[in-house]
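K.L.:
Questions regarding the structure given below will be posed in turn.
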Amino acid sequence: MPPKLRNFDKSMEKYTDVVLVVKQERFYVSRAILSEHCTYFQSLFCGDSNYQEHIISDVEPQDFQKFLEVVHGEPAIFEATVQKILPLAQKFGSKTVLQKCERFLITISTVRLSTKWNLAKQYGLDELQAHCKLEFKTAQIVRKNPQPEPKSLAYSDKFIFDHSFEKVDGLAEGDMRRSQPITHLDFTWTIYITRKNQHLRVSLCCGKAHLTSDWTVRADFKMTLTAKGSPDLVSDTKGFFHLDSEKNFYWELGQEVEWDEIRDKCLADGKLEVETRVRIVKIRELPVEEFKPPRIVTVNAVKSYEGVLPPTKVLFGDFPFPKALAKEKPDYSDYIRVTPLTQQAKTSAPAETPDLQTPPRQQASAKPQASPAKSAGAPQLPQKVPLFPSGGAPSSPSAPEAPSEPPPPKIYPTLGANAPPAPPVQGKKFILKNVFGNVEAMKCHTAMACQKAVAYDFEWNLIISQKNNRLHVSLCCSKSNVTSEFRILADFELIIAGKNGGRPLKSKTNGCFNIEKTKNSSQELGQDVEWSTIVYDYMVDGRLTVEAHVNITRVTCLDAPKFKKLRNFDATGNSWDVMLIVAGQRFFVLKEILISNSARFKNIISKINFTAAPSTEIKLPDSSADHFQNFLEACYGDPSINDDTVHGILKIAQSYEAAGIVKRCEEYVIKYSKKTLEQKEKLAKHHNLKTLKAHCDYWKSRRKCC
């Protein structure tokens, strides 16, 4: 049996009003607490309130000790005690204890499923019964399909490796450095850094020795650049590494950071420390003999195809040449159609499928001839062709005649004083549309924005910016004179109109806009597109038409309380003998509960003469009334500790020396919290939680060993 978490011996006689005798062992408890949680004791104490002792039969003292600990909010439910506590909870009619045992059996317990089912039926635990039924169905599916799908090899693994680059401050424009490669799951992994266009690209490369087949490796990875005296620079990337056996070609994925930011924040004596945490999601081998249809490029879209060809997934990520294998007649509505730039033999597409051999940028201009030297190496972008004036045509006779251009749409000046105001938009669904002028003259690190429209009490507008030979198209949400913090969840689709009536470029995003409590707060979300793609396929006489279809799904005010009250501490319908005043709000509580949980309240209450004033007011120092509400609920044994309330409860508990509540909060963060390791470590340092700090240190050391 686990050790005692709370004493109910003679030392508590001064603060209790009734004694329960269980097989000659005496438990000093409070009538009010037991009556609050148990219908049995509510009836027992109702008749004769002056009787000081009651005998409890057919109960073991050690089991009753654990039951009382759970009633008083202690974490006393374990594998060794749950089946002892359940019959007492049913005997004494305690719904709170039954719910805690049920939650333990669902989320933590490792006993057999049949044992859980029997306990659920015996004690009427409906949620546990539903959980067991779901587990039974899952087990039946596993038994029916014991063998994995043979078509693809699936691996799931995580690893971390880091490297310290020396003399990074001496990198010249175009210089590249790489780390020593490591081998994991028969693949080699290398970190690259490259300085180009006043940026430093930090990337991860995946390769394989003796490449005889094509491979795709799906991986999610986080790259951390250690900063000096400021938060580290962290970037998350999800993508596919494609290994081409024919060209012996490897992929690299990564992010770009401004060189000035790297130099000012991350370089210490010329050293740059890079840590990469990689999670391999899936590895698939594509044998050479498999038929390879024409390749297509997708922009931020993920689709799966199953048909005549082997089932594959669209490859996506931050790399210049995403590729995919399509089935015979796929839907090309969301794709930009191009030809493999180093294709050796021209293949003709079926008549039913769209023309995949001539990309839109080459249908309106002469197709540049690729040199044999470039064809033998990695894929290269087509040479930049000059832009022709309105109505003009390229000089190449092989290009088809361009269709007549429709009348130009009305152009709104961007960020101009004379721009017509956008009409107000009503409802949760709306469309923003703007024609940006003189886009071809945009320089690097410049931006244009359209007029703002009002929807759902927030201001919305479209923004385009040029950076690193890419055009960033984004939707911006803002609000002036913000008095509260807001979080806006929205689904939106950005559409760039095609050139000469061509296929538009679409990208869908599920975004969260965070509006902070400042004078003018805004946030933008969007997508990046290659600048050459914009120039050749979507820009008409320097104009670019952008449209956003927005659906606001949820607006949350972060200043609103993140919890609902589990218990009302008002004067009606509540047993109380002392009133606490916190930030002007009154809490009617029992002094026995305060004394049993808090050493500071024990000291305060011991100095008050309750004989002269049976119901006394105690005014406490100002603090958050919401946090104090959660703290009192925890003292009463309610499950009020969660990720949203744990910080506030810890603050109040440490202020009033409630060691038991602090211990429960610490145990919750270690066992149940979904906070990140960094957030847990910050919480441990802020509240000086030694056990939680040791827990975080242990898992940090495990990370470094991986």
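Glycine is no exception: its Cβ is also placed from the backbone N, Cα and C atoms.
For reference, Swiss-Prot lists these features for the protein:
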- 359-380: compositional bias 'Low complexity' (COMPBIAS)
- 389-402: compositional bias 'Low complexity' (COMPBIAS)
- 16-80: domain 'BTB 1' (DOMAIN)
- 165-280: domain 'MATH 1' (DOMAIN)
- 455-552: domain 'MATH 2' (DOMAIN)
- 576-644: domain 'BTB 2' (DOMAIN)
- 344-419: region 'Disordered' (REGION)
K.L.:
For the domain 'MATH 1' (165-280), what is the mean per-residue pLDDT, to the nearest integer?
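P.N.:
On average, pLDDT over the domain 'MATH 1' (165-280) sits at 82.
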K.L.:
What does DSSP give as the helix, strand and coil breakdown of the domain 'BTB 1' (16-80)?
P.N.:
27 helix, 13 strand, 25 coil
K.L.:
Provide the three-state DSSP residue tally for the domain 'BTB 2' (576-644): helix first, then strand, then coil.
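P.N.:
In the domain 'BTB 2' (576-644), the DSSP-based counts are 26 helix, 14 strand, 29 coil.
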